[in-house]
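Enquirer: Right, I'll just put the structure down here and ask away after.
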Amino acid sequence: MQSIIKDGQIVQDGWQILRADAEGQYPAVAPDVDVIIPLSQWLADKASWLARSGKTAVWLAPADDPQRLAADLAALPLVAVDFPAFTDGRGYSLGRLLRERYSYAGELRALGDVWVDLLHYLWQVGFNAFEIKDGKAIDTALSGYDTFTERYQSTHREPVPLFRRRVTSL
Amino acid sequence: MYRYDEVDHRIVRERVEQFRDQTQRFLAGQLSEDEFRPLRLMNGLYVQRHAPMLRVAIPYGHLASHQLRKLAHIARQYDKSYAHLTTRQNIQFNWPELARVPDILAELAEVEMHAIQTSGNCVRNTTTDAFAGVAQDELLDPRAYCEIIRQWSTLHPEFAFLPRKFKIAVSGSVEDRAATQVHDIGLHVVRNEAGEVGFKVIVGGGLGRTPIVGEVVKSFLPTRHLLTYLDAVLRVYNRFGRRDNKYKARIKILVKAMTVEAFAAKVEDEWLHLKDGPSTLRDVDVAHYASFFIDPDYEQLSANPPEFSSKLAEEPAFARWVERNTRLHKRAGYRSVVLSLKKTGVPPGDISAEQMDAAADWADRFGYGELRVAHEQNLILPDVRESDLYEVWQLAKSQGFATPNIGLLTDIICCPGGDFCSLANARSIPVAEAIQTRFEDLDYLFDLGDIDCNFSGCMNACGHHHIGNIGILGVDKNGEEWYQITLGGSQGSHTTIGKVIGPSFAQADVPLAFEKIMTVYLEQRAAGERFIETVRRIGLDPFKERVYAKHH
């Protein structure tokens, strides 16, 4: 079990993440484990993964095309996006696409190089769960939600951009 | 000019507090150097040769007199009583102390200023024509759109970590004075045949290591679609721009790799999903932002009043300054005055706290309390009555602001170079000064006429050397500073990338090479032909032959 942030609270979480090792091989996954697997593994053999007693979810790498997951989204208990480096911002676009184009409504989790300073933007583009990077404080990370109380753009959390709300309120 | 409401103030204050917290955590060892670097860059803070450098945003070059006074105060209080105007209409402080930067930002926030996204791999300060709103050749005022883009780009949650920096420029005049063709996105405010206002969208221009003139991806984008279209372009870039090599990470490389047609098609496909969504601008939204840029109460004046004409006739030095350092205004009897920051002996673009205070006072006394920063690194008083020009000239002279060289060879666009910047291969300031000294004779300088001279201390091309009629690039040869000269570049409506004339020069030889180039021009020019026109007509060979001729 590990602590993660989900829907604004620190919760215990039992999902394991399947990642390739240095040689590109995937370790075996016990049948009763809840596991988040890479998109390639999911697309290669959905049926076997679903036949297990444990739950299966999918994580996207920055270069993955979320459209390849579109048909499965309604049935997935969780989708994650990996941030191998926090400076790689592709995952923010993936978050918006999953939420806004493919109408994904389930848990959307940010993995990898994720910490307090990134939480606000991740939340705005649609992520609602965050695995905070090892070595970074999780309790203080909650403050990341409140860094900004307003924003200019249309986002998943507030689709009506500020300029429209501004003029309407005049 | 735009004024903050409560929300704008709050967002900037919250950014200051966020940055204060980030700085404290860095100083306390809770954020590593690698973690703090992108965060501080996104707030305009570089670590330079001598000290941190803080770049403060001047949105599309618009500055109110009270803001300039605040910048003067910051220069005195936190720095060495001067600052530097940049080619992207921003201002830089070279000597602040890291721990005091949050206090500087808090002071800036009081006057509706900030350092948000003045560096880093995010959308940078939007730039435009420094004469927007007052230029005689303006078709449409771009400033409302600049402000709309500024707000859209500020802390955009999807685009905070792009592959590389991203620069947008907007132009609304006949002559493009915003270098839109060498920006990641260049927008021209235009009217279509039906009279509808919209934008011509140019993507993929840029200087740096791979200078490329941008290409049109959409010839007419109706105004209401501006932000959804920008979102589509940025999303395609964010997802597909290269991240494996920072020298190939700008959008221009993506556009070239995909071809402009394929890139445009990809954007169009993305845009179809965003078009007519919540970010669509209504007329009432545009009107709200345009309401901040209505004309001040101009007086009904006639052009060339007698007190102005007589001074022009009496004093050739005044006439010379008027010719070079003022621009025609859309209203009769007014001019825009360019205060030259290109005096010999002062690093190009540097401005002292005293000069800032003086210019702020003149903006109040002779205008409507506004100033502009030009991307050529000069300061502008946009609205001066012609009848006041003589007095403004005398005041400007008293502050070292009146060198009559705007658009001439010594009006050098120049990066801070190796004296300050840790990226530079070579120093630019002493070489720029040597050139200015060589061409100090005003009769000679005036005879040479319009010449854009642009100088960069390294391949990053902050001094825009590729689009100088004559450009200089600092290069490193075995640890020594050398200088490459390019000819034939130009900015504006006919943007061209200059060509290197040959092997680079040692520092001491640059002024002589310039002199030889100018001699060829004077020998070869047809009547009334400007330098760039002669270069285009006769090509580079006559210049190369003269510059590299062997001595016997």
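Backbone N, Cα and C atoms are what each Cβ position is placed from, and that goes for glycine too.
In case it's useful when we look at the structure, here is the feature table from TrEMBL:
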type: DOMAIN; residues: B:53-111; note: domain 'Nitrite/Sulfite reductase ferredoxin-like'
type: DOMAIN; residues: B:119-271; note: domain 'Nitrite/sulphite reductase 4Fe-4S'
type: DOMAIN; residues: B:345-397; note: domain 'Nitrite/Sulfite reductase ferredoxin-like'
type: DOMAIN; residues: B:411-547; note: domain 'Nitrite/sulphite reductase 4Fe-4S'
Enquirer: Using DSSP, break the domain 'Nitrite/Sulfite reductase ferredoxin-like' (B:345-397) down into helix, strand and coil residues and give each count.
Expert: 26 helix, 14 strand, 13 coil
Enquirer: Write out how many residues of the domain 'Nitrite/sulphite reductase 4Fe-4S' (B:411-547) are helix, how many strand and how many coil, based on DSSP.
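Expert: Helix/strand/coil tally for the domain 'Nitrite/sulphite reductase 4Fe-4S' (B:411-547): 59 helix, 28 strand, 50 coil.
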Enquirer: By DSSP assignment, list the helix, strand and coil residue numbers for the domain 'Nitrite/Sulfite reductase ferredoxin-like' (B:53-111), in that order.
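Expert: Helix (H, G, I), strand (E, B), coil: 30 helix, 14 strand, 15 coil.
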